[in-house]
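What TrEMBL says about this protein:
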- B:D183: active site, proton acceptor (ACT_SITE)
- B:V62, B:G63, B:E64, B:G65, B:T66, B:Y67, B:A68, B:N69, B:V70, B:K86, B:K87: ATP binding site (BINDING)
- B:21-40: compositional bias 'Polar residues' (COMPBIAS)
- B:56-345: domain 'Protein kinase' (DOMAIN)
- B:1-40: region 'Disordered' (REGION)
- B:352-379: region 'Disordered' (REGION)
Amino acid sequence: MSRLKSQSTALTDDPLNDICPVCKSNRYLNPTLQFLINPECYHKMCSTCVDRIFTSGPASCPVVGCGKTLRKKGFHKAFFADLKIERECDIRKRVGAVFNRREDEFESLSSWNDYLEMVEGLIFDLVEGTMKEKAKAEETLRAHRAANAKEIEDNKRAGLEAKDVELQREREEKEAVRQRRLAILREQEEDKLDVEKERREMLERLARGDGDANAITKHAQKVILKKSSARRNLAESNFADTANGSAPSNLSIRGLKKKVAPKAELAYDPFGGLDLKPARYTLQSSYENEWLDNAKNNTLHMAGGYSMNEYYSRTMFEAFSGLGIFIGDQVVEKSLPAAPATIGTVGAAEAAGGRLRQEMNTDDVF
Amino acid sequence: MAVSPLIVPGSGERGPHSKSKLSAASSGNGTPSTTLGSNSLKDVAEQMNEEEKDKYVKGKKVGEGTYANVYIGHHKSDPSNLVAIKKIKVQQEYKEGMAPDAIRELKHLQELSHPNIISLLSVFSSKDQNLNLVLEYLPLGDLEVLIKDIENIHYGAADIKAWMGMLSRAIWFCHENFVLHRDIKPNNLLIAADGEIKLADFGLARSFADPYRVMTSNVITRWYRPPELLFGAKHYSGAVDIWSVGLVFAELVIRNPYLPGDTEIDQIAKICAGIGTPTEENWAGVSKLPEYTVPSPTTPVHGPEHYLGMFGTAGPDGVDLLMKMLILDPRRRITAREVLEHRWWRGEPRATRNEDLPKKGPGSGLSRLGATESKRPGMVEGVARRLDFGA
C-alpha cells in the first residue's frame, strides 16, 4: 500500500509510473499504454496484459503472491491515481447501497448520528481491518441486505426522487437568478433610453423657445427621476412575485418528507380520548339532605354560582374512591418509572379517600 | 438502596461538596450546607431527598416570578433531557412554613396528570429548606407571546380551535378532579416543543369547596375575572374558570384582550359594555351579592349579531360557544364538559394538528431577500454536507 501511495504522489514526473508491473512495457515504447484495475485485488496492469491473460476466460492475477481469480469484465480504468482511495470509494459505494437510510427516518438527531457512526465503523473495518474484521463486516453487510431488502429498495427509490427534486430546485434557482440579471439589464437599458428621450424632448422644447429655459430643464430632470423611481418600485414588486413563485418548490420538498406517514385522520375528539364518567355509580341530578337545604335556598350561594352538582359529584366520587384499588397492583405500578404523559387519578382518589374519613366524622353528610 | 450503612458517611461527604460547587455557580451564595453536622448519619427522608436532588443538574436562570425563580436544568444521566426547576423563594410573610402558593401548586400538580397540564416530575429541597419543583421543560413560550406577535405569527380558525381544544380539555380535567384553577390567562398557557398547550401555574388553585365554606373572591387576573367574583361572591364553582376560558377565546380571535379593565370598577364597566349589565332579570339574586354595583344606564345583553361582527373568524358555531362561556349568570354558564360536547369541535374547519401549529422563533418570518439562498435539505449550518457514495 505504501508503495502505491508513493507511486501516485509522483505520478507525473516519475517515469517508473509509466511501466506496466506485469509485462514491463513502458509508455516510451507504447504511447497508448493504459492501466486497468480489477476491484477484486486492485493490482494494476496495462490493457494489453489484460487482453492477453484474461480474454480466454477467468485466470488468476499475475502479480506475485496475489493469485485471485479475475475476469476480464471486472477490469476498468481507475478514477483516482491513488488506488487506496479508489478502493475505499468502491467500498463506500457498496456499503452505501445497502445502508441507505435517510435522516428523516430517525426519531432524533443522536440516533441518526449513531447510525452514521455504525456505518462508518463498518466501512473502516472493510477498508483497514484485518482479515477477520473484514470477513465479519462483510457478513454484517450481507445479513443486513438480506434482512432489509424491501426497505433498501424503497430508500433507493426515495433517494433518487430526492435527487431529482434537488436538481430541479437547483435548476429553478439558477433560472431565477438569470431572470433577475436579465431584468436588471433590461431595466438599465430602459433607463438609458428614457433619459435619452427626455433629454431630446427638453432640447426640442428649448429649441422651440416657449417658456423659461431654466424651468424646462428642472422639470425634465424631475420627470426623469420620478420615472426611474417608479420603475424601481415596479421591479421590486415583480421580484416579490417571483420570490413567491419559487416558494412552491420549497413546499413540495417539505411535503415529500411527510409522505412517510399518510395515516388516515381520525375524527377530532374534543375529550382527547378520555372518559371520566363514573363507572361504579350513577350521579343523580339532586340528592335530599337536610344539611344541604340551607345552601340550596341561600341566595349568596346560588347567585355566586355555587354548584350543587359539583358538590354531589365530588362527594360521590370520594365515597367510592379507593374501591377496586388493590395494594398488590399498586406496588407493581410504583416500581415502574413515572411516565409524565400517562393519565391517572389514582393518586387523587387515594388522597381523597383519606380526606373523606375525616369529613365523615365531623359533618356526617349522609 | 444498595448502599450499606457503613459507607453512607463517606458518600454523604462527597455529596455536599459537589452541591456547594453547584449552588455557588447558580446563586453565588456559596455557604456550605451544615445538614451533616457531627453525626453524619442521615435519616431516610434526607437520603431520599438527596437522591432525588442528585438526579438533576440545575442550569441558568430563565425566569423570575413573584414567588419563585425558574431555572433550566437537565437529568444528570441524560443531558439532552431538559427540565424546568422552579425554586420557591423564601417569603418574608411566611417565615414559619412554606408559602401557600407553593403548597397549592404542589398539592394539585401531583394529583393531576394530563397531556394538557404541566407535569410535576419531582420535588426536592435544597439547602436552607428551599423547595424545588421539577417541572417538564416547555421551550416555546406561552400563548400570550403568540397572540401579541402580530407581525410574525399568523393563525386562523383551525389553529384557534386546536388551542382552545387543548385548553378546554385541561380545564375539564381539572374540574372533573374537583380542582378550580382560578388563574387562567394566556401567559399561563405554555407551549411544549411539540406544540401542545399546557396549563401551568397552579399557585391559586384549590379544591371545590363544601357548602357553607367561604372562598376568597380575590382571585384570577382582573381582565379574566368573572362578574360573580367582582361582585364579591364567596361561594362559586367551576364557572369562574369557564369565564376566563371564554375571554382567552375572545382574545385569540381579536388578538387583543377583550375586556382590559384598569381597576375592578372599570372591569365591571367593561363587562357591562362588552357583554351586558348583570341585572335581576338575567341573573336572579345578583343584586344581593356583597359588592354589587353596576354603572347606570344599564346595557341589555348583546345578541349574536354583536358577537358575529366582532368574532366572526370563529364561525357561527364558535361564536355560539363563546357566548355560552360568557353568560353573566354563572349557573347558566356552560360547564367544562358541555364545552367539549359543543358542536363547534366537530364542525369545519378541523382543528390543526399540533405539529402544524404556528410557533414562535426564527423561521416564522421568511425574509424575501433570503428566499433564493434558502437552505438545501440535508445541509445543516456549520456542518459539511454528507458525501453521497450511492451508486
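Glycine is no exception: its Cβ is also placed from the backbone N, Cα and C atoms.
Recorded features from TrEMBL, shown on the structure.
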{"residue": "B:V62", "record": "ATP binding site", "CB count, 10 Å": "14"}
{"residue": "B:E64", "record": "ATP binding site", "CB count, 10 Å": "9"}
{"residue": "B:T66", "record": "ATP binding site", "CB count, 10 Å": "9"}
{"residue": "B:A68", "record": "ATP binding site", "CB count, 10 Å": "22"}
{"residue": "B:V70", "record": "ATP binding site", "CB count, 10 Å": "17"}
{"residue": "B:K87", "record": "ATP binding site", "CB count, 10 Å": "18"}
{"residue": "B:D183", "record": "active site, proton acceptor", "CB count, 10 Å": "20"}
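Largest Cα-Cα distance over the residues recorded as binding ATP, namely B:V62, B:G63, B:E64, B:G65, B:T66, B:Y67, B:A68, B:N69, B:V70, B:K86, B:K87, equals 14 Å. In the three-state DSSP assignment, the secondary structure recorded for B:T66 (ATP binding site) is coil.
Straight-line distance linking the Cα atoms of B:V70 (ATP binding site) and the residue listed as 'active site, proton acceptor', rounded to a whole number, equals 19 Å. Put simply, the residue listed as 'active site, proton acceptor' is 16 Å from B:A68 (ATP binding site) when counted between their Cα atoms. Classification of B:K87 (ATP binding site) by DSSP places it within a strand.
Cα of B:V62 (ATP binding site) to Cα of the residue listed as 'active site, proton acceptor': a distance of 22 Å. Taking CA atoms as the reference points, B:K87 (ATP binding site) and B:D183 (active site, proton acceptor) are 20 Å apart. Note: the CA-CA distance between the residue listed as 'active site, proton acceptor' and B:T66 (ATP binding site) rounds to 14 Å.
Across all of the domain 'Protein kinase' (B:56-345), the predicted model scores a mean pLDDT of 90.
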